[in-house]
Structures are given as C-alpha cells and as structure tokens.
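As given in TrEMBL:
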| type | residues | note |
| --- | --- | --- |
| COMPBIAS | 587-599 | compositional bias 'Low complexity' |
| COMPBIAS | 604-624 | compositional bias 'Basic residues' |
| COMPBIAS | 638-648 | compositional bias 'Low complexity' |
| COMPBIAS | 649-667 | compositional bias 'Basic residues' |
| COMPBIAS | 668-712 | compositional bias 'Basic and acidic residues' |
| DOMAIN | 477-542 | domain 'BTB' |
| REGION | 584-712 | region 'Disordered' |
| REPEAT | 91-143 | repeat 'RCC1' |
| REPEAT | 195-258 | repeat 'RCC1' |
| REPEAT | 311-366 | repeat 'RCC1' |
C-alpha cells in the first residue's frame with residue numbers, strides 16, 4: 001500500500017532536508033514510509049508502520065526510539081497531555097507515559113514502555129473503545145459499560161469521586177461511543193443508537209453546549225436527535241446519527257452521518273460567521289460548511305481540520321505556528337474554514353487527519369479498492385433481492401459474509417428485536433468496514449449472536465477472505481463472458497460493484513446470464529482482471545510485455561478504479577525487468593570472462609605428445625618412481641628412531657643432574673645446622689652464629705643443655 005504523510009506547523013519527528021527548524025509553513029511531505037497511524041500528545045508524537053512498530057519522538061528529538069507490543073495487534077491509539085493508550089484487537093489496553101494523576105489506571109507513577117492495564121483482565125472485560133483527556137482516560141467495554149480513571153478537578157472523570165488508582169465504572173450499560181481530546185478537560189459519550197449525546201466536565205468556554213458555563217460532575221444529556229429540539233438549526237433527517245465527536249480545551253465539534261458539523265464553545269474555534277451565532281452557547285451548525293458534506297473531522301489545542309467527500313481539506317482556528325497550512329505567514333488566525341492545498345490528494349482513496357498541539361498531519365494512501373466499491377453498492381441500493389427491516393441488500397453477498405443462509409424466520413427475529421437504524425448500520429459495516437477495526441457498537445455483537453457469529457468471529461471478519469471463498473465457489477456463479485472458444489464465469493453482484501461498464505450494461509438492458517465479449521482482451525488477461533475484481537490482488541504466472549499492454553488499458557475499458565490495479569501491475573513489470581537486467585549482468589560480468597579466457601588459453605597450449613613413447617619406458621619410469629618413494633620413507637623412519645633415542649638419553653642425563661643438585665642442597669643444610677649448635681659458647685663461628693647462639697641461651701635454655709649432652 002502506497003502512503004504519504006503531509007505535515008505543517010511545529011512538527012515533532014523527522015524533518016525535511018532543507019528545513020533547519022521543525023516548523024513547516026506549507027503542507028510538505030515527510031520522509032516517512034509505510035506509516036498507517038499517527039498520534040500526538042502535548043510534546044510527543046508516535047508513528048506506527050504496517051508491521052506494528054512504533055517510533056516515539058519526544059520534544060526537539062531528531063531520532064526517535066522504537067518499540068513493539070509483542071503478540072498483539074494494535075487497532076487504535078489515543079493520547080492525553082502526557083500519556084498514551086493502545087487498544088489491541090483482542091480487547092486489551094496498554095498504557096505509556098505519565099501516571100501521576102492515575103490517568104493510565106495502574107499503580108506505577110509512570111511507564112517508559114507500554115504496560116498492560118490488569119484491571120480489565122481481572123474483571124474479565126474486553127474493551128471495544130478508548131479515549132483520552134488531558135489527564136484522564138475512558139474505557140468502553142464491549143458489553144456497553146463505561147469506565148474512567150485520572151483527575152477529577154472539573155468533573156472530567158464523570159464522578160464525584162476524586163483520584164483512584166484503578167478505573168471506576170461510570171455508566172452500567174447501553175453506551176456505544178466515547179470521546180475526549182488530548183487537551184480537553186471534559187468528555188462526551190453516546191447512548192442508544194448514536195442519537196443521544198451526554199457531556200461532563202469543564203464548561204468555562206461553553207464547550208459543553210449547555211445554556212450556562214458551569215462545570216458538571218455528572219453526565220448530562222445535551223443533544224438528542226430523536227426529539228425535535230431547538231438546539232440544532234438544520235434540515236434534520238430521521239435516519240441521521242452521530243458519526244464522530246471531537247473535543248479540545250475550548251470547544252466541542254459533532255459530525256453527523258449526513259455530513260453536517262455542529263459546534264459549541266469558544267467563538268474563535270467554532271467556525272461561526274456572525275456575532276449572534278458566536279454568542280450562542282448551544283450546539284449550532286457551522287454555516288460555512290453547509291453546502292459541503294464533511295466525512296472526517298479532527299481538532300487540536302486551538303485549531304480544527306475537516307475533509308469533505310470530494311477530498312477538499314478545510315482548516316480554521318489559530319495559525320501562530322502555521323498549524324493551518326496557509327501560505328500567507330502573516331495570517332495568525334482564521335475564524336472561518338479556509339481551504340488547504342494538499343498535493344495530488346484527489347488520487348488517494350484513503351485519507352486521515354491528525355492534529356497536535358501546534359501541528360497538523362494529512363495521511364494519504366491507496367488502499368484496496370474493494371471497500372469503497374462495496375460501500376458505494378450499499379448506498380445506491382441497486383439490483384437488491386433481499387430486504388430486512390427496510391434495508392435493501394444483496395442475498396449472495398450477505399450470506400457469504402455471514403456464512404449463514406438468510407431465512408424468513410431469521411428476518412422476523414431481526415425485525416422484532418432491533419430497530420431499523422441498528423440493522424442498517426450493521427449491514428453497512430458488513431458491506432464496507434475493514435476487519436482491522438473493532439466494532440464500536442455493542443448492538444452489533446447482539447445482532448451477530450442472533451445470526452450465529454460470536455464476538456471473536458465478528459472481530460476477525462475479512463472482506464478479502466470472504467470474497468476469495470466466493471471466488472472459489474464456481475457453482476453459485478450466475479453470469480458467463482465468452483471470449484472466442486473460451487469462457488469465464490462471474491457473479492453479477494461482483495461485476496455490478498466493481499465495474500461501471502457492466503453496471504450500466506445491466507441497467508440499460510436485460511443481458512440474461514451470458515454475453516459475448518468483443519473487447520479484444522485475451523482469456524489470460526481477463527482471468528487476471530477477474531481475480532482483481534474478487535480479491536483485489538493481482539497474480540500473473542507467465543508475465544510478458546503483451547499482457548502488460550493489455551492490462552495497462554483495462555481500467556479505462558472496464559471502468560474501474562485504476563490506482564490500485566495499475567500500481568500492482570507496474571510493480572510486477574518492474575520486478576521482471578530487474579530480474580532480466582540481473583541475468584544480463586551475470587552473463588556479461590567482466591572478471592568471470594577474463595578467468596574463462598585464461599582457462600581457454602591454458603587448455604589450447606601445445607603439449608608434448610606422449611603417444612609416440614614406448615610403453616616399456618612408461619612402465620620403467622613408473623616403477624623407478626615407486627622405488628625411490630619407498631627408499632625415502634625408510635630413511636625418514638630411521639631418522640625418526642634415532643632422534644627418539646637421543647631425546648631419551650637427554651632426559652636421563654637431566655634427571656641424574658637434578659638428583660645430584662638435590663643431594664648437595666641437603667648436605668649444605670645439615671652442615672649449617674651443625675655449625676649453629678657448635679658455636680653456642682661463642683668461641684668459634686661467624687657473627688651470625690654468635691648472635692643465634694646468644695638468642696638460644698637467653699630464650700631457650702632447655703635446648704642448649706640438650707646440645708651440650710650430645711657433644712659429650
């Protein structure tokens with residue numbers, strides 16, 4: 001997957017070559033490869049690559065430290081002012097950073113490496129979502145319970161209790177979403193079917209969306225899309241739900257599935273035009289984005305960024321460190337959303353936004369084109385042959401994804417136990433959501449249990465794997481394309497979702513179950529295209545230039561997404577050319593040729609002919625050589641034996657000399673002893689013996705008497 005990261009503002013991490021300072025005025029591409037996620041705290045930044053390795057950059061660091069959470073797949077990362085939370089695919093949570101206010105939920109003051117929060121393991125709870133405030137953390141369990149830990153100065157913990165080392169329970173059930181912000185001192189959560197919004201915490205800037213600016217220590221309902229309330233002035237839709245909520249220190253922004261953005265808080269960040277709108281404390285629509293459909297939204301400390309369905313990026317708020325990416329460096333503030341130019345952003349189908357303290361990131365990538373195509377198929381609702389609670393579906397696709405047959409009894413149970421909005425959200429996830437993300441809504445687990453899928457099976461669902469199984473099921477294929485004498489079978493639903501050509505063909509006329517193809521493509525090329533339609537993968541056994549030329553023009557003829565397909569085809573062609581060049585280099589390698597030339601010259605030299613010599617001479621020389629060798633061996637053995645005898649004699653002489661020396665030493669010792677006792681009267685002997693004799697007389701009288709008796 002090809003990906004790029006564009007940054008602007010005061011960035012923590014790898015810098016550009018020509019930028020001495022870590023301040024980027026205009027959106028510029030960072031020297032990062034294979035990045036899939038970014039997370040920013042107050043002064044630190046984390047970059048995650050596709051292998052699961054994190055690179056941690058602290059303030060003013062040019063080279064970061066790397067770490068990996070072993071045996072776990074991280075699906076979400078959230079940050080507070082000085083701590084991080086990592087949510088894994090198995091439902092575990094790890095914490096990193098400061099824990100002075102118990103915001104991580106452990107007993108240590110800080111964690112230099114990611115540490116598991118054992119409280120949820122002890123309570124046997126699986127976590128489906130996490131959020132971080134400035135000094136607080138929030139944990140959403142798959143059963144719908146909400147927990148919090150950390151500071152509670154302004155009610156941001158949602159409880160009357162003060163600091164506790166372990167997380168405490170806030171709401172017992174039916175919570176489907178929780179959100180806060182890196183710099184926020186309040187939090188929000190959704191209840192029901194993403195239609196009710198509750199808030200708690202600090203409200204000094206009106207960021208809670210209530211009629212006053214007081215702090216709230218217990219969650220209060222602030223927005224209900226089920227009721228006709230005067231809080232929102234926009235064309236409401238009865239099926240509209242809350243998609244995302246983001247919080248900063250001074251504001252709260254709410255994104256609805258219809259693309260509408262609601263705001264509340266400080267007038268400088270909420271994006272309202274007139275003073276009357278800015279003075280209202282309750283949630284109001286951002287009128288500057290009224291004619292645009294926003295699909296994603298993020299907020300930093302004092303700025304916000306949004307992206308529309310046409311991949312247009314808008315930013316507003318403070319610009320003191322160029323965090324808005326505006327070319328004019330004199331602009332220090334922008335009340336209204338201003339468009340930002342990101343290079344070639346229209347080519348990418350996967351775009352993410354990130355905000356830090358004084359920086360912003362735009363992540364662009366070309367992902368597998370399966371997800372947007374099937375999401376578009378669900379939204380249009382064409383060629384449907386199944387209906388559940390007013391939701392139009394495709395039977396073959398749904399049965400393959402759920403691995404069960406949809407019967408009338410199952411349809412009646414789903415319609416009686418769940419609302420239409422919950423059913424539509426579930427099947428929207430079935431059509432489009434990637435398996436890397438956890439299911440955020442606990443209602444999805446209940447629907448999955450009714451269908452026959454437990455929580456683990458729902459979490460491990462893969463659209464690519466299910467379509468590969470559908471590709472292998474040739475019996476259920478209901479459409480055939482003939483090419484000359486050959487033919488290929490398809491599922492109609494795959495052609496409708498993946499190719500605009502066949503979709504228009506099926507809409508305009510009834511083609512039946514068979515068609516003759518006159519496109520001029522070979523059967524081999526069409527097999528490659530069919531595999532890409534089903535699995536999003538490209539595999540070619542015998543690749544040549546002719547097939548490459550056919551496949552290069554296939555996206556324009558069949559009218560499907562060309563970015564992913566062409567990038568894979570070009571990679572295969574590139575690797576093939578590299579192999580050919582490598583083979584040519586091996587053949588034309590100069591040093592090897594010189595060696596071969598030398599060998600050939602040596603072999604071509606004229607040698608004397610031995611064929612003319614007599615056989616007797618040959619045998620005579622052979623025997624003479626053998627006799628000479630035997631004589632040499634005998635002489636060697638004799639010399640060795642002689643040397644061995646000489647060495648033995650030398651060793652004997654050495655031993656004799658050593659014995660003589662030892663005898664002499666013993667004799668000299670005995671003589672010295674005798675002289676000591678002879679000189680006890682002081683008449684004879686050296687001065688040394690005289691002194692020793694005196695000592696013996698004074699100190700040892702008994703011994704001197706014994707010596708006198710011996711002499712007598």
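Glycine is no exception: its Cβ is also placed from the backbone N, Cα and C atoms.
Mean pLDDT across the repeat 'RCC1' (195-258) comes to 83 in this model. The helix, strand and coil residue counts that DSSP assigns across the repeat 'RCC1' (311-366) are 3 helix, 27 strand, 26 coil. For the repeat 'RCC1' (91-143), the number of residues in each DSSP class (helix H, G, I; strand E, B; coil) is 5 helix, 25 strand, 23 coil.
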